[in-house]
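See below for the structure under consideration.
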Amino acid sequence: MYQLLAISFTAVSALVSWPFAAILGLPIVLEMLVVRPRELAFTFCNYALIAGSTIVIALVTVDAYYFGKIVLAPLNIVLYNVFSSHGPNLYGIEDVKFYIKNLLLNWNVIIILFPFSVPFAGLAYVLTRSSRQLVHCIAREMSLVYWRRFLPVLFIFLSVMLWFAVFFLQPHKEERFLFPVYPLLAVLAAVTLDALPRVGIYLLDGRSRSFWQACVIGWLMIFSVMSVSRSAALYRNFFSPVELYKVLDKHMLNYTNHNELFSAENNSMVIHICIGKEWYRFPSSFFLPSGIKNKKNQVLVAELNFIKSEFTGLLPKPYMKGFLPEVTRVIPTDMNDLNREEISRYIDIGQCDFLIDLETLDTTVLEPNYAEQTNIWRSVVKKKFLLSSYSHPVYRSFYIPFITGSNNVYGNYHLLERIHNVHDNTKS
């Protein structure tokens with residue numbers, strides 16, 4: 001039964017989630033087709049056919065209902081990312097250092113440990129099954145039967161290395177592309193630490209087991225301290241956007257209660273929340289208030305809008321409002337797969353009731369410091385936000401008490417409210 005579950009969950013992750021996740025099914029394939037082919041080869045093919053066909057039929061059925069045509073989403077993902085002439089490279093390319101830096105930042109000392117998982121675990125495996133004299137013998141048991149309990153470690157390691165090989169070689173790199181192997185990195189690092197005392201005692205006779213156990217505890221403490229420091233730095237340096245959106249409903253109420261605003265449609269009021277250069281830090285539409293009422297019994301609905309900035313790529317477009325499946329069957333307009341700017345995404349800044357913007361040291365005509373336009377905007381909330389390009393690489397990456405603050409440069413992340421007395425929200 002566990003083989004069916006393993007194959008089914010791999011199929012779900014690849015077909016429902018992300019096709020490239022199938023790479024991480026390598027241990028299952030090797031176990032069933034290489035290690036135990038006589039017992040499990042037919043079972044593998046049978047279960048793979050059952051799981052794959054069941055999931056594909058379900059996917060096509062659901063997608064056909066919502067899109068009004070036959071669609072196989074995983075196939076489209078592969079065709080666009082692998083076989084199209086432009087593909088994901090339009091959205092930026094990076095060299096290998098991008099992933100190396102991300103791995104060091106997110107996993108610190110674990111990145112040093114995981115490569116040793118196979119040699120350390122292999123040596124520990126032999127030591128637990130052989131006498132010291134046998135370890136030095138040339139003749140070794142090399143059958144799969146002998147190494148069978150060790151093979152899962154090797155297969156997991158090969159899965160990680162295959163994942164790295166595939167994604168390190170792609171010009172377009174994103175941090176999230178490494179997320180699927182993060183649990184495997186933790187497993188391999190744990191294997192290394194587990195094998196370390198036995199391997200250390202064998203290689204360095206003079207050291208006691210307690211010494212190597214202290215080394216293991218030391219590694220774990222270093223990892224824990226650096227991880228907490230990293231998490232604290234991310235929170236302190238970059239949490240401001242979420243904090244601003246969390247208090248948006250309160251300021252929307254104050255704004256409409258103290259200004260004479262008019263609405264001509266069912267006593268509802270659309271409040272335009274605008275973002276420019278900060279569009280990519282918008283957390284989620286769940287942070288936009290909707291359906292709250294002010295003192296005038298007007299229903300307030302927040303609507304996110306974009307204003308022109310230096311960014312010249314394709315911005316997101318809201319889903320159509322309406323009922324399913326009609327709205328999902330409509331082919332959206334003003335879209336393209338070339339990351340080409342669509343002017344229809346923007347509204348005039350004069351229509352904005354609120355503007356969310358980061359005050360920086362670099363300004364342009366399209367990206368001024370709006371907080372300085374005090375005759376137009378009033379800052380109702382401001383929070384410190386790290387200016388990465390002006391801050392020290394180490395201190396911006398890790399929080400070190402009493403040191404970090406003085407070595408980093410911060411700007412103010414503003415929730416700006418338009419200054420005016422009358423705003424006409426009527427729709428023609």
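A Cβ is built for glycine as well, from the same backbone N, Cα and C atoms used for every other residue.
The annotation transmembrane segment is assigned in TrEMBL to 6-28, 40-60, 66-83, 104-126, 146-169, 181-204, 210-228.
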Is the transmembrane segment (104-126) in contact with the transmembrane segment (181-204), using three or more Cβ pairs under 8 angstroms as the rule and ignoring pairs under 6 apart in sequence?
yes
So, does the transmembrane segment (66-83) come close enough to the transmembrane segment (146-169) to give 3+ Cβ pairs below 8 Å, pairs being at least 6 apart in sequence?
no
Short question: which residues 6 or more past the ends of the transmembrane segment (66-83) have a Cβ under 8 Å from it?
14-15, 18-19, 56, 59-60, 324-325, 328-329, 337
Using a Cβ cut-off of under 8 Å, list the residues of the same chain at least 6 residues beyond the transmembrane segment (6-28) that approach it.
44, 47-48, 51-52, 55-56, 59, 74, 77-78, 152, 155-156, 158-159, 162-163, 166, 180-181, 184
